[in-house]
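Lifted from Swiss-Prot, the feature list:
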BINDING   70-75, 104-108, 128-129, LYS141, LYS150, 168-171  NAD(+) binding site
BINDING   GLU183, HIS245, HIS262  Zn(2+) binding site
Amino acid sequence: MLETKINLGKVTYPLYMGRNLLDNLDVLIEDHIEGKTVFLLTEDNVFKYYGNPLLEKLKSSRFKYHIIESGETSKSIDTYGEIIHELTENKQDRDTIILALGGGVIGDLGGFVASTYMRGVDLIHIPTTLLAQIDSSIGGKTGINFGAIKNLLGTFYHPRAVYMDLSTLDTLPKREYIAAFGEIIKYGLIGDYDLLLDLDQHHRAYLDRTRSVDDLILKCIRMKENIVLKDERDSGMRQVLNLGHTFAHGLESSTNFQKFLHGEAVALGLIFASNLSLKLKFIAEEYHQFVNQLIYKYFSDRYILQLDTEGIVEAMTMDKKNKEHRITFILPVDKEKVEIFKNIPIEIVEESLEEIKYGFRCK
């Protein structure tokens, strides 16, 4: 088991990474849960694999649990209300500690619950998907959707610890596993060209799961840690982590969170960002084609057959990065270089949306 620290300046917490951590979770978290009431928040697709063994291990603790339906639609104010209701019905006080066991939805929702219930209770992240392990379990962002608006309600709230059991990836469906590469490619575009070359050279092995992703996870975590350390509250530099997300959130919202997994939407958002950058002559054609072809290798089956341009643009206007009613875009401009743009004409944005409407722009 690897034990390391996530150092975000004002906040530091331990990260434990290895295989079969859930087999000994009761021992590993013993110091964190002493004197606490444990509230396990998980999802049905995860509970069916790991729920009963965990219940058995934690039964000696003061212990409650809640299972939500898997999927982005559960990241709602209704689900949030159900969890708060259960916490109050259980008469759980500020000595509660929430264990968020699951993917990105559980991490975002569990973090939001922990940060708001009684003005804050302790939180432990136990991410079980590749996307949650490389990205959403680190950095302190929490959130739920409101209507069709992605992450409209949220807080910044850090866990006491993160436990990454890499063996949970063995039960992860192939589609969810591959979806995480949208975020991994994003990190390569932001600051690690060698990572992109590795993803390109070994794409078949990654897709077949015959090549370890352990190093990828650590690289993404360290890159995010370094960025968040400089801008925890997302007011400047941290915005580069939203590369591909302006479009992605618009796509997810306009399809009612039903058609695309988040990582898939991010991958398509990277295509959009690269295409928009090319139209504005910010990025070289050769690098643009490399980016698109790399994404195509991982997401060739995730075409956009019908694109609600108006709906996506409307959703993008609600993006949290926007200021003065202008849509903010993070665009790739060169290897390991992305920039923030705030004054792109909406007509150019709509043209780029139309150009990617029927798939990937690759030679």
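Backbone N, Cα and C define each Cβ position, glycine as well.
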Check: same-chain CB within 8 A of Zn(2+) site center, minus GLU183, HIS245, HIS262: LEU131, ASP135, GLY182, LYS186, GLY244, ALA248, GLY263, ALA265, VAL266, GLY269
Spatial neighbour of HIS245 (Zn(2+) binding site) that is closest, considering only the binding-site residues SER70, THR129, THR171 and their CA atoms: THR129
Residues that sit under 8 angstroms from GLY104 (NAD(+) binding site) by C-beta distance, when 6+ apart in the chain: PRO127, THR129, LEU131, ALA132, ASP135, SER136, HIS262
Cα proximity to GLU183 (Zn(2+) binding site), best match among binding-site residues THR73, GLY107, THR171: GLY107
Helix, strand or coil at THR129 (NAD(+) binding site) [DSSP, three-state]: coil
